[in-house]
Each structure stands twice: as C-alpha cells, then as structure tokens.
Ligand SMILES: NC(=O)c1ccc[n+]([C@@H]2O[C@H](COP(=O)([O-])OP(=O)(O)OC[C@H]3O[C@@H](n4cnc5c(N)ncnc54)[C@H](O)[C@@H]3O)[C@@H](O)[C@H]2O)c1
Ligand SMILES: NC(=O)c1ccc[n+]([C@@H]2O[C@H](COP(=O)([O-])OP(=O)(O)OC[C@H]3O[C@@H](n4cnc5c(N)ncnc54)[C@H](O)[C@@H]3O)[C@@H](O)[C@H]2O)c1
C-alpha cells in the first residue's frame with residue numbers, strides 16, 4: 001500500500017487575489033492559509049505534508065487535506081468544521097459569530113502522553129503532530145521566528161554586553177524551519193555566528209534566501225571565517241556542515257569558548273529531529289523505520305554530549321541559553337544531572353514582554369500582493385509612533401526578509417496595541433486600500449496561550465509552571481469571542497508530554513461584523529496573557545492590567 | 001492562619017423562585033447551580049466546598065466562591081467570566097450567544113499530571129480538583145448516578161442472567177456521593193446487595209434517604225440478612241460497616257462467591273479516598289496531614305488485596321466489573337499484574353449506548369418546585385412514547401428518589417432526542433407552564449465528552465483510547481454553539497493523569513434566542529459522541545450518524 005501521507009506529484013500554493021470560491025472570506029482564508037502552510041517556499045517537506053519542526057503537519061494525510069479544502073468551500077457561515085489531528089471529522093451548526101473551524105491536534109490523556117504512544121497512534125493513522133502553527137494553519141516561514149529570535153538576541157546584548165554585540169559570536173546548532181532564522185536575526189542584532197547543521201540542503205537553502213552569509217565544511221574553515229569576520233567588523237553568519245554535538249565537544253576540547261551558546265536542533269523529537277553523532281542522514285532515515293528505539297537512545301546520548309559541552313562553555317564564561325527545544329530534559333534523562341543549570345530563553349529574556357501581552361502578532365495578505373504588507377507596515381508605524389525598535393525592525397524586515405508564500409509580517413506587540421492595529425487593518429480592507437482581506441494570528445508561543453514548563457512557563461514566580469488551565473481558557477475564550485479558527489495542541493516545541501497550547505486566527509474582511517469580532521478577540525487574547533502573569537504575581541502584569549482596565553476579579557483583593 | 005477553604009459558619013442553599021438578582025437567567029442559573037452544588041443536602045462536605053468524589057470542589061476557596069457569586073450578579077449579557085480551578089480570574093467582552101462562564105479545572109501539562117504535583121499546587125492554593133460535575137456546577141446528588149448504575153445493572157442482568165436478577169446478589173464497596181446510589185439502583189434492577197462502607201455516617205445517610213434498606217455491623221450479620229432476603233424474594237440492600245478489602249478477602253477465604261462483584265470506593269484518589277486495612281478513619285485523617293506518602297502506599301496495598309480477591313471471585317464464576325474508580329490501575333502499580341483481567345463497565349455495558357449519543361442527560365428546576373419536574377417527566381413520556389424502560393425509570397424515580405437541593409431529573413437519552421426534549425422544555429417555560437427556567441446539562445461521563453482509557457474509553461475498537469482531541473473539540477464546539485457554561489477538566493473519576501473531559505450546561509429561559517442555542521448545542525453535544533464512536537469504527541454509531549443525518553465528512557469515503 002502506498003503511504004497516504006506522501007504524494008510527490010502534489011505542489012500546493014495558496015490561491016491569491018480578491019476572488020474567492022468559498023462562501024465567505026473566513027473559510028476562504030482558512031483554505032488559503034492551509035494551502036500556504038504547504039507551499040514549497042514555506043514548508044520543509046510539503047509533499048509529506050510536513051510544515052516545520054520535525055514532523056509538524058498541516059493535515060493528517062492527503063485524503064484529509066483534499067476533504068478539508070472541499071468542506072471549506074461548501075461551509076455555510078452558520079456552520080463549523082471540526083478537525084481532529086488533521087482530519088476533518090464533523091460539520092456542525094453554529095452561528096455567524098462562531099469560529100468556522102475548531103481544531104484539536106496531538107492531544108493525549110497525560111498518562112499516555114509520550115512519544116512511544118503517539119508514534120504508535122500516528123503510525124495507525126489516528127493522529128498527527130501539529131507542532132504549533134503547522135496544524136493550525138498560521139505558519140509563515142522563517143520570518144515568523146526571525147523577530148522572536150532578534151528580540152531575544154537584542155535583549156541578550158543589552159543584558160550581557162552593554163547593548164553592543166560587535167565582535168561577539170554565537171555558537172548554535174540547527175538551521176531548520178525555525179532554527180534557520182538564527183543567523184539572520186543574529187547578524188541583525190550585531191553578532192557573528194557559527195551554526196552547525198548536518199543537512200547541507202538546509203544550509204544551501206538559507207544561503208539562497210540570504211539568511212546565512214557563508215558556508216563552511218569543516219570546523220577549521222569555520223573558525224578561519226570567523227576570524228576574518230571579526231577583523232572586518234561586519235556581523236557575519238557561518239553555516240557549518242557538521243554535527244552540533246561533535247563541534248560543541250571539540251570546541252571545549254580546544255578551549256575555544258563562544259560569547260553565547262545555544263541550540264535549535266529538533267531535540268524535542270529524538271526519533272526524527274536529531275542526528276546522532278557518527279551517523280549519516282541516510283543511515284538515520286533507514287534506522288528510524290527499522291529500530292526506532294535505538295535511534296531515540298543514540299540521539300539522546302549525543303544530546304547529552306552537546307549539553308555537557310554547553311555547560312562546560314558556560315562555566316568558562318559563555319552565556320548559555322536553551323532555545324526551547326527541550327534538549328536539557330533529554331540530556332537529563334541520559335544522566336546530565338545539572339542540565340537545567342542554564343536557563344531557558346523565556347524566563348531570561350521574554351517573560352517581561354509576556355507580562356504586557358507582548359508576543360508574536362502576525363498578519364498575512366490574502367491578495368498575495370507584497371504592497372498590501374508594505375501598506376500595513378506603514379500603518380503600524382503611524383499608529384505606534386513612539387517605538388524606534390519596532391520601526392527599525394519593520395525597516396530591516398522589508399529590506400532583508402524575502403516573503404515565503406503569501407506575503408506576511410510579524411511584529412511583537414501587546415495588549416494595548418493588538419486590537420487597535422487589527423481594526424485599522426480592517427478599515428484598510430473596507431476602504432479598498434488593501435486588495436483583499438488580511439488574516440491575523442500569532443504563534444502558540446505567546447503570553448496567554450501556552451503551558452510549557454521547560455520553555456514558555458519555566459520558573460513562573462508562583463510555581464504554576466505546569467498549570468494548563470490557562471491555555472485551555474484562552475482557546476475557549478477565543479472561541480466565545482468569535483475568532484475565525486481556534487486550535488488546541490499538545491506537545492509543540494518541546495515534544496509529547498511537555499506542553500499544551502492554543503492558537504487563534506481571525507480574518508479582517510472589512511465588514512462591521514469582523515470589526516466587532518476583531519475588537520473582542522484581539523483584546524481578549526493578549527488579555528489572557530496579562531491575566532495569567534498577573535495571577536502568578538508579576539508586577540509588570542498587574543500594572544499593565546490596571547493601566548489597561550482589564551477586569552480581573554481577584555486582583556484588587558489580592559494586594 | 002485559618003484555612004481559606006473551611007468555614008463552619010456557612011450554609012449555602014440556592015435561591016429559588018421566579019425572581020432573579022443577576023442580570024439574566026443564564027447568570028442567575030450559574031449562580032444557583034453553584035450554590036446548589038454546596039447545599040448540605042447535596043454536597044458531601046459543603047463547608048469545605050467539597051461536593052463529591054473525594055475532594056471534588058465547587059470553588060477554590062470561600063473568597064473565590066463569594067467573588068464568583070458577586071461577578072455573576074454583575075455580569076452583562078455580552079461578558080464572559082473565566083474560572084481557573086475554582087477561581088474567578090477574568091471577565092472579558094464576548095456576545096449574547098457566547099457562554100457566560102468558561103471553566104478550566106485541574107488541568108496539568110502531562111509530564112506533571114500526577115497527584116504529587118497536583119497536591120503541591122493545591123496546597124499552595126493554585127489549583128482545585130474539579131472532579132466532573134463538582135467544579136462545573138451540575139452535580140445533582142445521588143440521583144445523577146442512580147440511573148447510570150441502574151442502566152448498568154439492568155444490562156448486566158440481561159447479559160448474564162437472562163434478564164432476571166431475582167435471587168442474585170452484588171458485592172461492592174463504597175457508599176459515598178456516587179457509590180451510595182448502588183444499593184437503590186441494584187434493588188430497582190432486582191438484585192440483592194452487600195455494600196461495604198467504613199464510614200458509618202454514610203450508611204446512616206443512605207438509610208435515611210431510602211437508598212439502603214438495612215445496616216449490618218459484621219460480615220456474619222450481613223450474610224444472615226442476605227439469606228433472609230433471598231428467602232423472602234424481595235430485593236434487599238445491606239450496608240455493611242466494614243473495610244471492603246477485609247470483606248472481599250474474607251469471602252474468598254470462606255469460599256462465598258457473589259454473583260456480581262464491583263467497587264465504588266474513591267480508589268482513584270489513594271490519599272483521600274480509600275481507607276487502608278486496619279486503620280481507623282481518624283487515624284487516617286491525621287496521617288494524611290503528617291505522612292501522605294505512607295497513606296498512599298498503605299491504601300494502594302489494600303486495594304491490591306481487594307482487587308486480588310475480586311479476581312479470585314471472578315475465577316470462581318462471579319461477574320466482575322470495574323466501576324470506573326481506577327482501582328485496577330492502583331492494584332497493578334502494587335504488583336497485581338493481571339488486574340485488568342476484568343473489564344470496565346463502559347466497554348462491557350455502556351458503549352453501545354454511547355454510540356447513539358445516549359448518556360446522562362439531566363435537568364434542574366430553578367423554581368425549586370418539584371411540580372416543575374413532574375411536569376417535565378410527563379412531557380418526556382409524551383415525546384418518547386415507545387420506550388417502556390424509560391417510562392419505568394421515570395415512574396420509579398418519582399416514587400423512590402428524594403430530591404436533594406433543587407429538584408432535578410436525569411434520564412439517558414441520545415442524539416435523536418436531546419434537542420427535541422430541550423426545546424419542549426423551553427416552550428413550557430415560555431408558556432408559563434413551568435414556574436421558572438430549566439437548567440439542562442449532563443455528566444462529563446458522556447458519549448463525546450471524555451477521554452479516559454481506564455474507564456469511558458477503555459478498549460476502543462481502533463485503539464484510540466488515549467486520544468483526547470475529542471473532549472477538547474466537544475468543549476470548543478459547545479462554546480461555539482452558545483452553551484451557558486462550558487468546562488474542561490482533568491483527572492475526574494479516575495484521578496490525575498488518567499482522564500480529560502468536558503462539561504456543558506445550557507439554560508432554557510423560554511426565549512427565542514435560547515431555543516436557537518438549545519437546538520444547536522443539544523444536537524452538537526451528543527453529535528460529537530456519535531462522531532467519535534463512528535470514527536473509531538463502531539457500526540452502531542455509523543448507522544446512527546447516517547440515520548440522523550450527521551455531517552461527518554470522512555465517513556462515506558471510509559466504507
Ligand atoms: N521560540 C522557540 O521556543 C523556538 C524557536 C525556534 C525553534 N524552537 C525549537 O527548536 C527546534 C528546531 O525547530 P525547527 O523548526 O528549526 O526544526 P527542524 O526540524 O526544521 O530543524 C532542525 C534542524 O536540526 C538539524 N539537526 C538535527 N540534528 C542535528 C545535529 N546533531 N547537529 C546539527 N544539526 C542537526 C536538522 O538537520 C534540521 O535541519 C524545535 O525543537 C523547536 O521547537 C523553539
Ligand atoms: N460512572 C462512573 O464511572 C462512576 C460512578 C460512580 C463512581 N465512580 C467512581 O467511584 C468512586 C466513588 O465515588 P464517590 O463519589 O462515591 O466517592 P466518595 O469519596 O464520596 O465515596 C467513597 C466512599 O468509599 C468509602 N471507603 C473508602 N475506603 C473504603 C474501604 N477501604 N472500604 C469501604 N469503604 C471505603 C468512603 O468512606 C466513602 O464513603 C470514585 O472513584 C468515582 O470516580 C465512577
């Protein structure tokens with residue numbers, strides 16, 4: 001039997017322009033965004049339906065993909081489609097202010113929430129790994145992560161190097177769907193970088209799209225290039241074709257210590273996401289089918305080597321930070337007891353932003369026309385005139401970031417701005433200034449939408465890291481508010497068992513009804529983030545709640 | 001510091017009658033149902049906010065209870081209150097067709113979803129155990145479970161004793177909030193019963209309310225009473241003051257084998273729910289505070305004894321069934337390797353009902369007037385004329401079941417009936433035939449609302465027992481449809497780590513708007529159950545979906 005997930009004849013690209021075949025822009029948008037997730041310029045392995053992050057898929061299999069498209073084309077504006085781990089399982093009566101699609105991906109009852117059980121169900125065709133924005137149809141390629149990474153690197157430079165990264169270098173691993181954003185974000189923030197990657201095609205892809213400056217095929221070559229870059233003074237990124245565990249350990253051996261050390265291999269998925277030391281890629285591909293347990297074991301052992309080297313570098317003065325791929329947990333499982341001695345990037349650099357609901361707000365032009373995005377860039381600058389860092393980002397993004405698939409933009413803004421900006425976009429659609437509706441969403445990695453104790457909710461002030469009531473409430477509230485599609489996922493980013501999170505997407509189609517929904521949903525969604533952090537006791541969040549007039553019943557009595 | 005969860009001065013009873021203080025009947029209903037959950041005639045330990053099932057609570061603490069009531073009184077009909085593990089954390093703008101309350105209780109990221117971590121957070125005041133209908137404000141006392149148990153015993157009699165239970169007897173443990181329904185349901189179905197219970201006040205309570213016929217204080221006395229009952233031919237239930245583990249083992253010893261053996265101690269919660277052999281209740285209460293690990297260990301060891309005895313009885317011809325308290329898992333943890341050799345009651349007796357969306361539909365008269373319920377009983381008989389078993393239930397319920405708190409009724413009906421019945425009730429409210437609105441809800445233990453591999457989803461046809469996308473979709477869809485309040489819980493029934501489930505409640509206030517919502521929600525809610533079972537491959541469900549015209553996009557292509 002042929003694999004229902006692989007179809008090498010398929011090349012999917014979203015329809016563009018102002019004509020729709022679906023019955024409303026809400027469903028047309030869902031369809032285009034699903035397709036856009038599988039655009040060959042966007043997805044990592046589109047013909048296997050894999051969007052990013054190891055095996056994060058957009059639909060269960062090709063039959064499900066086709067059926068979802070078919071249903072979205074026939075769905076009425078008082079009906080809602082249910083998607084269960086990438087499969088369209090039901091259509092039910094709702095009403096115009098309800099979401100058109102509700103999605104639950106990869107969720108398992110906790111005692112069974114591990115990769116072994118997931119893989120078993122996945123193999124049987126009963127599940128799909130949704131990652132964060134793969135299964136919820138709002139992945140926009142590497143740009144999505146560039147700004148997050150850029151914000152993190154800028155915060156790092158501020159915190160550790162007096163705001164000046166010049167002459168400093170970052171060592172990292174992984175140039176995949178998300179990790180590939182590191183070199184561009186790093187040089188934007190003023191650093192040099194060596195990024196280890198075992199898959200040469202990934203390096204070449206990043207060279208072509210301008211994310212990586214130069215390729216090296218040996219550590220010596222990479223170090224020589226680094227010296228040249230330092231001498232020139234121009235921030236330079238080097239893609240090094242090598243196994244990260246080998247390189248990290250070798251550098252410790254040679255006592256060459258980077259200024260910053262991190263990693264973005266897909267360590268969260270030891271079966272599919274991390275190449276063990278000494279293995280070739282094709283060898284790994286074969287063994288994944290034949291003896292998956294062995295692969296997992298070998299991968300975790302190599303991760304332990306890499307984490308140990310990271311700790312050694314930290315003890316010699318490097319700034320070490322975990323970039324949210326759960327590699328510390330894997331290494332700890334393999335006996336590196338102090339794996340968590342270096343922090344995650346969220347408590348270190350991102351949490352203060354989350355306290356004000358600031359996170360990865362993003363939007364996409366359904367017209368397919370880059371001009372629509374440039375106009376919205378301009379609008380954002382007008383409406384937020386007092387944020388030079390944001391203006392700098394928008395300028396650099398326009399200059400350096402190639403659009404992948406539908407033109408899109410991301411910028412990190414919070415409770416006080418999201419609804420305002422969205423309503424302005426809706427006006428631009430209404431007036432005809434933009435050629436077609438705008439889709440507005442975010443990553444699941446956001447202020448109020450995720451419980452992930454090794455990443456987004458690591459080391460919460462009150463110890464509530466593992467409480468996942470919050471993302472569930474976020475999804476329920478976004479459904480109640482009238483988002484266009486809402487999703488609840490498990491295991492994104494850090495892997496099975498380690499996270500629960502929700503996604504939201506809403507369409508600005510220029511109507512009055514959309515304006516009402518946008519006003520609610522894009523207030524409520526960051527609002528739940530401020531609420532969650534205020535409840536945990538963060539002063540920034542409590543102040544933000546008071547300033548913005550958020551209605552948190554227990555807040556005043558708590559002080 | 002005093003315990004914020006204990007207030008011995010508080011006696012809560014729901015307001016009744018046609019006047020409301022809240023701004024709509026939707027919020028008035030939520031308030032009354034919250035209060036009703038804590039009525040001393042309904043709740044097990046109302047002054048500690050404990051409703052049933054070990055430590056299942058209605059609100060985090062008394063300050064949260066008061067604040068919820070206050071917010072429900074001020075909530076506008078375009079606002080929604082968020083409740084996180086019993087605490088009112090936020091009020092957000094929504095719209096009239098959105099739920100007024102959204103609840104998430106006891107949810108933990110899987111890798112931390114165990115009793116140790118929960119208890120730690122619970123102690124810190126960060127969480128609350130919601131059980132199923134405790135934290136979602138739709139517990140209606142023992143009646144709720146009487147019919148479920150009755151349906152199970154009737155199915156048992158059919159399957160094993162040619163439909164005739166006379167002269168047969170059931171051995172069980174636990175006469176708590178739910179377990180206390182066993183003796184009444186058992187005699188209604190024609191069985192005799194010996195039910196072991198360590199807490200004399202629980203036996204006395206059941207004697208007073210007519211659920212248990214007679215009390216025994218020793219095994220010999222109980223066996224003598226059983227012989228008398230058999231001789232008389234009248235189905236009789238005996239509450240035996242004794243530890244179930246002791247009694248079960250002793251009966252095996254004496255080679256006295258019941259016809260049916262089961263258990264409803266709160267084994268799912270080894271710290272609070274099960275008394276170890278040889279301990280007094282007060283001793284246990286003390287040790288729970290001082291050395292919780294010891295209590296858990298001792299309780300699980302006694303459970304192992306009880307399960308081993310159950311297996312021995314099974315091998316000697318008894319029908320053994322697990323009644324959904326996770327005691328098999330606990331015994332297996334303690335080394336009883338074949339603990340799962342006897343089935344759960346769901347795959348054995350309930351699943352065929354779930355395939356048609358049949359489950360514990362229930363409703364409550366906000367007037368407080370029993371007549372309102374009797375009128376609805378009559379309406380149900382009129383609208384479902386061809387179901388003698390249902391008519392028999394309604395007659396017996398009226399005769400034998402004392403109302404606890406607000407008058408309420410339960411009957412198991414499915415996809416084809418729920419919306420129809422609800423709309424008829426709404427008409428009766430509109431016409432003034434009923435004195436006040438009716439609240440309609442169900443247990444979380446229902447066809448489409450729960451993933452619980454040791455209970456409701458044990459041994460699914462396709463092996464999808466642990467997939468919890470389904471209850472999440474159920475909650476999202478009920479939110480989208482416009483239920484009055486919707487909840488997502490973890491750990492109900494079988495304990496932390498072993499289940500995820502959702503609740504729904506909707507108010508029939510006699511308005512046209514309510515009729516629209518009722519029509520949607522009470523079609524969709526059982527519809528997700530039929531969908532889930534059809535997807536798993538059950539023919540009954542597939543046929544039901546086709547007959548009822550459920551829109552399941554992948555169904556036809558699958559055949
Ligand atoms: N914001 C965040 O928290 C955040 C951001 C980005 C990525 N991440 C996490 O980072 C990880 C990477 O994400 P992605 O989308 O780029 O995944 P991906 O699977 O697309 O890319 C991973 C890359 O690592 C490479 N790789 C695997 N093993 C290697 C090894 N031993 N040495 C060198 N390279 C190796 C692979 O060839 C691949 O290109 C994921 O775990 C993701 O969840 C988190
Ligand atoms: N439909 C279902 O699946 C279903 C239905 C009913 C109950 N249950 C499960 O059954 C259990 C009981 O529920 P409940 O609400 O009645 O709980 P509960 O805590 O109110 O009652 C448990 C009772 O067991 C008694 N008990 C504890 N240890 C004992 C022992 N060793 N011997 C004899 N008696 C003992 C306690 O004194 C208490 O009265 C729970 O685990 C619940 O989830 C499941």
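Keep in mind that glycine also has a Cβ here, set from the backbone N, Cα and C atoms.
Copied from TrEMBL, the annotated features are:
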DOMAIN    B:12-138  domain 'Urocanase N-terminal'
BINDING   B:53-54, B:131, B:177-179, B:197, B:202, B:243-244, B:264-268, B:274-275, B:323, B:493  NAD(+) binding site
DOMAIN    B:141-349  domain 'Urocanase Rossmann-like'
DOMAIN    B:352-546  domain 'Urocanase C-terminal'
ACT_SITE  B:411  active site
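Overlay of TrEMBL annotations on the structure.
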| residue | record | contacts (Cβ under 8 Å, 6+ apart) |
| --- | --- | --- |
| B:53 | NAD(+) binding site | B:131, B:132, B:134, B:176, B:177, B:178, B:266, B:268, B:269, B:273, B:492, B:493 |
| B:197 | NAD(+) binding site | B:173, B:174, B:175, B:176, B:179, B:203, B:239, B:240, B:241, B:242 |
| B:244 | NAD(+) binding site | B:172, B:173, B:174, B:196, B:198, B:263, B:265, B:306 |
| B:274 | NAD(+) binding site | B:265, B:266, B:267, B:299, B:302, B:303 |
| B:411 | active site | B:147, B:361, B:362, B:380, B:390, B:393, B:394 |
Per DSSP, three-state class assigned to residue B:53 (NAD(+) binding site): coil
Counts by DSSP class (helix H/G/I, strand E/B, coil) across the domain 'Urocanase N-terminal' (B:12-138): 41 helix, 25 strand, 61 coil
Residue B:266 (NAD(+) binding site), number of other Cβ atoms within 10 Å: 28
Secondary-structure category, per DSSP, in which residue B:274 (NAD(+) binding site) falls: coil
Cβ-Cβ neighbours of residue B:493 (NAD(+) binding site) (radius 10 Å): 26
For the domain 'Urocanase N-terminal' (B:12-138), the mean pLDDT of the predicted model: 97
Three-state secondary structure, residue B:244 (NAD(+) binding site) (per DSSP): helix
Collapsed DSSP category at the residue listed as 'active site': strand
